[in-house]
Amino acid sequence: MTKLSGSDSKSTLYCSFCGKSQHEVRKLIAGPTVFICDECVELCNDIIREETRGALHKGDGSVPTPQEICTILDQYVIGQSKAKRVLSVAVHNHYKRLNHGGKDADVELAKSNILLIGPTGCGKTLLAETLARTFDVPFTMADATTLTEAGYVGEDVENIILKLLQASDYNVERAQRGIVYIDEIDKITRKSDNPSITRDVSGEGVQQALLKLMEGTTASVPPQGGRKHPQQEFLQVDTTNILFICGGAFAGLDRIIADRLEGKSIGFGAHVAAPDERRTGEILQECEPEDLLKFGLIPEFVGRLPVLATLEDLDQSALVRILTEPKNALVKQYQKLFELEDAKLEFTEDALAAIAKKGIERKTGARGLRSILEGILLDTMFELPSLEGVSEIIVDKDVAEGKKEPVRVFAQKEKDASPGAA
């Protein structure tokens, strides 16, 4: 609406919602015959945010079944069927507990955090990331190697919850239903068998600091980081319903397990397979809590990770499948890159097998496959944007083994396969 302000010939504009004039507010936004001020816009945003928070708990209460969760994991992670089953059941029960826990006051359902143990590059982190996508909940990854006790140089454990808050756009209620993945958890083990020798601020001290956070407590989280802004107001976050997944390679744990199994198998006719005869993943399947204690985790910490999932080594056939089958498979990624240059990228079966064999020799699991592909395709990716008429790039076994350059097929004479530059 428009009014004249006294003797002033110019008209003064007013907000159609609160009635304030354009001189009383910072901004007045015009619409067809109406106006709204910046204060009313902010108020509307607050109302919408409050309704969204309330809607978090008003869904139909349905949770994907373990089989549905496992099927989704299969689309992104190859192999590891046992670990997928363990994770699917644990996560299904966790979110079922959140949706139905308050309906029966007689029985209180406890939280089951998860410990993932497996060799490097076998899919621990990818499993956790895929789970977070499946449930559309806030997800954050933390690196245990950067954590220290409060008061020492390094990150406090509360920073993990701060990252989760940032992932949920500082929506506290949404963050309280999120998933936290703590990687490299094996790097915070006790540095000495004698706990009283010296203060272990990045090992046992971090385990103790994580205890209450993982079990469930109200954490005071500084929105801007606690050490640089000590005067700020703290946000209160209840960690009771946050699912913690810890993962680590636990190098050397297989030897501890093998020693324990060897001690049990004593007597006439007892056959014990030498550690060299069994792969690391096979030995880790036999892991017991006592092995984790001997490795350096404190009993209280092991007790707060009741669900144990061990992952297997990836063999050559699994690595070949990883290269081609998942939705975001490496071969599909590089084929997309070459499509952007109007060229088709093809790998022969022998080439994929040779690449997988190289990955096993490097002992870096699936993580090392990208660097192998980069090495094979680097020169081609460097030269291709400057070349004209290349319609196809073919990688065969000799190319994968470094014996020759990828084969380039030119559009004007597709019958002639030209190795190297034209």
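Quick reminder: no glycine exception, Cβ is built from N, Cα and C everywhere.
What Swiss-Prot annotates here:
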- 3-56: domain 'ClpX-type ZB' (DOMAIN)
- Cys15, Cys18, Cys37, Cys40: Zn(2+) binding site (BINDING)
- Pro119, Thr120, Gly121, Cys122, Gly123, Lys124, Thr125, Leu126: ATP binding site (BINDING)
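Between the alpha carbons (Cα) of Cys40 (Zn(2+) binding site) and Lys124 (ATP binding site) lies a span of roughly 47 Å.
Residue density at Cys15 (Zn(2+) binding site): 22 other Cβ atoms are found within 10 A of its Cβ, drawing on all protein chains shown. Note: the Cα of Cys122 (ATP binding site) and the Cα of Cys37 (Zn(2+) binding site) are spaced 55 Å from each other.
Checking each of the binding-site residues Cys15, Cys18, Cys37 against Gly123 (ATP binding site) by C-alpha distance, the shortest gap belongs to Cys37. Taking the Cβ of Thr125 (ATP binding site) as centre and 10 Å as the limit, one finds 16 other Cβ atoms among all the protein chains shown. Using CA atoms as reference points, the binding-site residues Cys15, Cys18, Cys37 were checked against Gly121 (ATP binding site), and the closest is Cys37. Neighbour count (other Cβ atoms within 10 Å of the Cβ, all protein chains): 21 for Pro119 (ATP binding site). Sitting within 8 Å of the Cβ centre of Cys15, Cys18, Cys37, Cys40, and not among those site residues for Zn(2+), are the Cβ atoms of Ser16, Phe17, Gly19, Lys20, Val25, Leu28, Phe35, Ile36, Asp38, Glu39, Val41. For the recorded site, Cys37 (Zn(2+) binding site), the DSSP three-state label reads strand. With a cut-off of 8 Å between CB atoms and residues at least 6 apart in sequence, the same chain places Cys37, Glu39, Cys40 near Cys18 (Zn(2+) binding site), listed in sequence order. Taking the C-alpha positions, the distance from Lys124 (ATP binding site) to Cys15 (Zn(2+) binding site) comes to 55 Å. Using the Cβ center of Pro119, Thr120, Gly121, Cys122, Gly123, Lys124, Thr125, Leu126 for ATP, the list of other same-chain residues with Cβ within 8 Å runs, in sequence order, Gly118, Gly247, Leu311, Gly365, Ala366, Arg367.
Looking only at the binding-site residues Cys122, Leu126, the densest Cβ neighbourhood within 10 Å occurs at Cys122.
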